[in-house]
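Following: one structure in structure tokens, then a few remarks.
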């Protein structure tokens, strides 16, 4: 789907959010509005009573055709903290395991008068496909589709960066690891460039970079020490071994020797660098435990921020607009 078509299906005629499928094609103003709304919800999640009534009476269906811990759980928590009713469909025991098509599954759930689908699927474009076929009152959020996009992960990451750094101007960001198979990397590149960082670097072996990667608006590096030099933010990615064969890297041990983040290598970055990882972490393969658990790591803050960001996106999509007053 083209950028224009993707943007058109995501937004109402007045330019407000209806679906959240990809960051590609969305404006800086809209991404900023999502973060500003998430900032309001961040205070709610720290209260004793962590609920607001914005989505009371609404029903959210989590449709995860791929395994997930953080994403599914934070979407569920986000919906419940907005007072929505949540259905988690067990794909292994659902009618899809008996051969029911994706569209038939959606139509049957639609007949139960649900209001939102949160979809994770191994097939790129699955969330777009669903969004094109649902009733006008239903919103679709993409929780990851194939290699294509993971927009809420990218939004919680840029929200974490904004909170740590105060903004995006002048920042140099290095994304390190399996860029080729990563939907997170693509969404983060779109978000970071839209928000105006100074430079986005991608650091990986040649076998784990897409062809013509420069067209995405990034600077490629094949040497980690050089790629980390003077950066403000490091985003580590896991090797997606389930999506690759043996030809991509010689071995996990050799990969760590060349591209694993260690304290020594991190010295090349700026003194106030922050280290991020969307999870799950493979310690000793892409990152050393001393870094993952160290003072520069904001990995657990990313998880916390994921709830507020997903609350923001759900509220904006359900209300067909970002102008919300968050009760506190």
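Glycine too: its Cβ is placed from the backbone N, Cα and C atoms.
Given the structure is predicted, the values throughout are model-derived calculations rather than measurements.
The carbamoyl phosphate site recorded in Swiss-Prot comprises 70, 71, 150, 153, 279, 280 together with one of 33, 107, 120, namely 120. The maximal spread of the carbamoyl phosphate binding site, taken as the longest Cα to Cα distance among 70, 71, 120, 150, 153, 279, 280, is 16 Å. The C-beta environment of residue 150 (carbamoyl phosphate binding site), restricted to residues of the same chain at least 6 apart in sequence and closer than 8 Å, consists of 71, 142, 143, 144, 183, 184, 187, 278.
In this structure the C-alpha atoms belonging to residue 153 (carbamoyl phosphate binding site) and residue 238 (L-aspartate binding site) are separated by 14 Å. Residue 238 (L-aspartate binding site) has 279, 280 nearby among the binding-site residues 120, 279, 280, counting only those with a Cα within 10 angstroms of its own Cα. If you take the C-beta of residue 280 (carbamoyl phosphate binding site) and look for same-chain residues 6 or more apart in sequence within under 8 angstroms, you find 69, 70, 238.
In sequence order, 68, 69, 143, 144, 184, 278 are the same-chain residues whose CB sits within 8 A of the CB centroid of 70, 71, 120, 150, 153, 279, 280, the residues recorded for carbamoyl phosphate being left out.
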